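Remarks on the structure that follows.
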Amino acid sequence: MDIFKVFTLEAAHRLPNVPVGHKCSRLHGHSFRVELRVSGEPGPETGWIMDFSELKAAFQPLYDQLDHNYLNDIPGLENPTSERLAMWIWEKLKPALPLLSEVVVHETCTSGCSYKGDKAA
């Protein structure tokens with residue numbers, strides 16, 4: 001069973017490794033939606049997998065780093081694609097949130113990335 005919590009953050013970025021003239025090479029911003037999924041079984045006493053407030057508290061330090069910032073300036077996000085952002089969130093959050101099962105980053109209403117960890121590791 002999965003639970004999820006959705007966060008919205010505003011951030012600017014540019015993609016330095018796209019072809020010259022590509023629209024994403026210019027500075028622009030998004031209202032990113034980040035969805036964090038946690039997998040497990042509901043506890044017999046609480047009836048939940050985890051308290052949503054614990055999920056929010058675990059993500060808060062990363063949210064504070066990302067929201068209203070220029071993503072390219074954050075170490076590890078020098079090329080801040082949706083894919084890289086999803087992986088970066090996973091890598092930072094998984095040690096503190098072992099039940100994390102998926103990070104979904106919506107860059108726009110119609111485009112995004114889902115990351116479920118490195119299955120080869």
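Each Cβ is built from the backbone N, Cα and C atoms, and glycine gets one as well.
TrEMBL: automatically predicted annotations, no manual curation.
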Of the candidates His13, His68, which one does TrEMBL list alongside His28, His30 as binding Zn(2+)? His13
Tell me which of the recorded positions His13, Cys24, His28, His30, His68 ends up closest to Glu107 (active site, charge relay system) in space, Cα to Cα. His30
Can you tell which of His13, His28, His30, His68 has the most other C-beta atoms within 10 Å, given these are the recorded positions? His13
Any same-chain residues 6+ apart from Cys24 (active site, proton acceptor) with CB under 8 Å of its CB? Would you list them in sequence order, or say none? Arg14, Leu15, Val18
Whole-number Å distance between the CA of His30 (Zn(2+) binding site) and the CA of His68 (active site, charge relay system)? 10
Rounded to a whole number of Å, the separation of the Cα atoms of His13 (Zn(2+) binding site) and His68 (active site, charge relay system) comes to 11
